[in-house]
């Protein structure tokens, strides 16, 4: 007797064809960028093992030396180890920031599936090469710097490609909520990266890089075989990107034609230029806002565990585990920002309000956040939501909105370039934040938090013009509703 069809298969068959492919696109792009962040996280976990407190392990078993750095990994065994760690961070971040401005241009001109999967395989290779330095007994700084630079460059293939794919499949209506949930891949990747790297950091830290490298390369191969770039490639309906209303009664026409009538094949639009993308209304404002928002987010990413160790006096592992709560808050903040911005139609206003509230919350976390484990947990989640909510909204829904802006007259080929410009500008802040924190932290952690609060305020101010425009739109809508 043959068994009945599996429940999961029956569910898939019951779903419309468009929904099946949209779901597949969401899952594959989610897994892709989860693996990108998973492969970036090990460096922050392994730092403590490259320069541990050797005196706690007793005397050097190989000789009678009383050196407190006998167990450290050269070249990170000197007094300048913090500067060398900063060099590793900035080698990746600066290369990433520079490469991102170029990446979107290539992404518009190459098949996204090839571009994404190829970048993931190369990212896996360079991530693994850093860890292989442990097994190959490499102790020269230039090796690790070169690997970080190469990895930073190839990782720029990820964000423009995945946002472009999701933007191609999902229209503006529910884009904020869908992308808010989807953007949790950033925090999920950070959390998984911390746990995976932590599993081997004390025994063989090289595996903390090799295993994530294998994971991202494997996911890249899966994307090569299954990712669908455009709905039209599998005879699905294109999404509604924006609506233009022709009269006061609200007769609207979507930018995507959903009719089933046969169409003549249209000439493929040309990819937009870099300057052309900058002329799209809102691109410059949101790009500069993201610079300061990402500065705050990445400072927490690279320095939060050390801050918890120094201020709350937790151990390295406990501090790393506690720091993941910031990413848990980031998941909630991204979903909340997407939901509210969909409901109100005010992407900039949503970001601005969250940034305004984030500033006093950062001040409170620095002053009362370590008064008990319960307070610390609550403040980390709240700060993570408020800091990462605007960051998530700008890099996902806002980028997709601007990349399919009505001024482009249906040319969606700008999506990858716009995404790369916005995230590339933000990546400048991602490089500056940890660097400034390293320079300021010797003067006291209070000064680091003052720097972060100032960055939040600047991010908010840069959106003032767009917020005013949204407010005028709401006022005009209310006036029309009242018949004025």
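The backbone N, Cα and C atoms fix where each Cβ goes, and this holds for glycine too.
A TrEMBL annotation is a machine prediction, not a hand-curated record.
Among the residue ranges 53-74, 207-228, the one that TrEMBL annotates as transmembrane segment is 207-228. For the transmembrane segment (448-468), the neighbouring stretch richest in Cβ pairs under 8 Å, chosen from 207-228, 283-304, 324-341, 348-365, is 283-304. Residues 21, 24-25, 28-29, 31-32, 35-36, 38-39, 41-42, 45-46, 112-114, 116-121, 123-132, 165, 193, 196-201, 234 of the same chain lie 6 or more positions beyond the ends of the transmembrane segment (207-228) yet place their CB under 8 Å from a CB of it.
Distant neighbours of the transmembrane segment (414-436): 86, 89-90, 93-94, 96-98, 100-105, 107-108, 112, 156, 159-161, 163-164, 167-168, 271-272, 274, 276-278, 280, 283, 286-288, 290-299, 301-303, 391, 394-395, 398-400, 402-405, 408, 451-452, 455; these residues of the same chain sit at least 6 beyond its ends, with a Cβ under 8 Å from one of its Cβ atoms. Using the rule of three or more Cβ pairs under 8 Å, pairs at least 6 apart in sequence, the transmembrane segment (142-170) is not in contact with the transmembrane segment (324-341). Most Cβ pairs under 8 A with the transmembrane segment (324-341) among the ranges 21-38, 114-136, 348-365, 377-402 are made by 377-402.
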